[in-house]
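A.B. asks: Quick paste from TrEMBL:
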TRANSMEM  9-27  transmembrane segment
TRANSMEM  39-58  transmembrane segment
TRANSMEM  82-103  transmembrane segment
TRANSMEM  109-132  transmembrane segment
DOMAIN    118-213  domain 'CAAX prenyl protease 2/Lysostaphin resistance protein A-like'
TRANSMEM  144-167  transmembrane segment
TRANSMEM  173-194  transmembrane segment
TRANSMEM  201-218  transmembrane segment
TRANSMEM  224-241  transmembrane segment
Amino acid sequence: MKTQTIKHYLFSTILISWSFWFLAAGLTHLGNIPFSNPVVMILFILGGISPAFNELYLKKKTSTPEEYRAFRKNILSIKQPISAYLLIIGMAWIYCFLPILLGGSVQKVPMYIALLELPIMIIGGGIEEIGWRGFLQPMLQKKYFVLTSAAIVSVIWTFWHIPLWWINGSNQSSMSLVWFSLTCFSLSLLLSFIWNKYESIYLCVLFHAAINSFWDVYVSNNRIFPAILLLSMCVIFFFVTDKQTKNVVKRIDAE
């Protein structure tokens, strides 16, 4: 049976996502079609869910039926310890709330909005983690340390988003690329911690969705200095919890 490779996954994912997103960008620029147009929104969403569905396709193609069922079960496994849910939601809230104290964001709407948006944000971001943390992170950890793997994922993750800056009306079109890159790195550290603690794709999806939901409550002003401070805190958190992640790396290598 053919083995799924990182290069194949990344090439096909970027090709699919960018095809949809550049079509959307062309419509908003050349056709003067607004971002809210259903066609543009569909193209935007299709590009965003491509990392997940491409990984599901490749996993089914390159795995045994038993391996594929186990992978799908991991994605849908909502039966997690209460402590895991509290940690995931708590981490997401702290990550989005801290910039207020650092001068990096302001609260625009009530907290309950995040709860209402959470199911939507599973499609609007969280589902990506099926590919990034469900495949890419553990594959990289077979060769690199956890920190190195998280850094590589953050660079790829940032690069994958690049076409969104050309789509008029998207969040990224008015966002600082430097701020976004720093944010991707800090979130990659937290997501690598979650993956290595629980080995749960579902919890990674939930954390990503919670981050996106809280961001609509605590709206960032894209200031670089608060983003650097937040990244520094995530690095400290990562090294404080590094003992556990080292054990996971050894177990992955042993397999």
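For all residues, glycine too, the Cβ spot is worked out from N, Cα and C.
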A.B. asks: Return yes if the transmembrane segment (9-27) and the transmembrane segment (224-241) have at least 3 CB pairs under 8 Å (sequence gap of 6 or more), otherwise no.
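C.D. replies: These two stretches do not touch.
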A.B. asks: Other than its close neighbours in sequence, what residues sit by the transmembrane segment (201-218), given a CB gap under 8 Å and a spacing of at least six beyond its ends?
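C.D. replies: For the transmembrane segment (201-218), the nonlocal Cβ contacts are 71, 74-78, 80, 84-85, 88-89, 91-93, 95-97, 99-100, 105-111, 113-115, 117-119, 121-122, 124-130, 132-134, 187, 190-191, 194-195.
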A.B. asks: Helix, strand, coil residue numbers for the domain 'CAAX prenyl protease 2/Lysostaphin resistance protein A-like' (118-213) per DSSP?
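C.D. replies: Helix (H, G, I), strand (E, B), coil: 82 helix, 0 strand, 14 coil.
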A.B. asks: Checking distant contacts: for the transmembrane segment (173-194), what same-chain residues at least six beyond its ends satisfy Cβ-Cβ under 8 A?
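C.D. replies: Apart from its flanks, the transmembrane segment (173-194) reaches 88, 91, 95, 129, 132-133, 137, 146-147, 149-151, 153-154, 157-158, 161, 164-167, 200, 203-204, 207-208, 211, 220, 222-224, 227-228, 230-231, 233-235, 237-238, 241, 245.
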A.B. asks: Top stretch among 109-132, 144-167, 224-241 for CB pairs under 8 A with the transmembrane segment (82-103)?
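C.D. replies: Maximum Cβ contact count belongs to 224-241.
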A.B. asks: Taking all residues of the domain 'CAAX prenyl protease 2/Lysostaphin resistance protein A-like' (118-213) together, what is their mean pLDDT?
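C.D. replies: A mean pLDDT of 96 is what the predicted model shows over the domain 'CAAX prenyl protease 2/Lysostaphin resistance protein A-like' (118-213).
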A.B. asks: Same-chain Cβ contacts of the transmembrane segment (39-58) under 8 Å, 6 or more residues past its ends?
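C.D. replies: Sequence-distant neighbours of the transmembrane segment (39-58): 4, 8-9, 12-13, 16-21, 23-24, 27-28, 33, 71-72, 123-125, 127-132, 134-135, 160, 163, 167, 169-170.
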A.B. asks: By a Cβ-Cβ criterion of under 8 Å, what residues six or more beyond either terminus of the transmembrane segment (224-241) are in contact with it?
C.D. replies: 95, 98-99, 102-105, 147, 150, 176, 178-179, 182-183, 185-187, 189-190, 192-193, 197
A.B. asks: Quick test of the contact rule: Cβ under 8 Å, at least six residues beyond the ends. What residues does that give for the transmembrane segment (144-167)?
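C.D. replies: Same-chain contacts beyond the flanks: 10, 13-14, 17-18, 21-22, 24-25, 28-29, 35, 40, 44, 47, 51, 132-133, 136-137, 173, 175, 177, 180-181, 184-185, 187-189, 191-192, 196, 238, 242, 245-246, 248-249.
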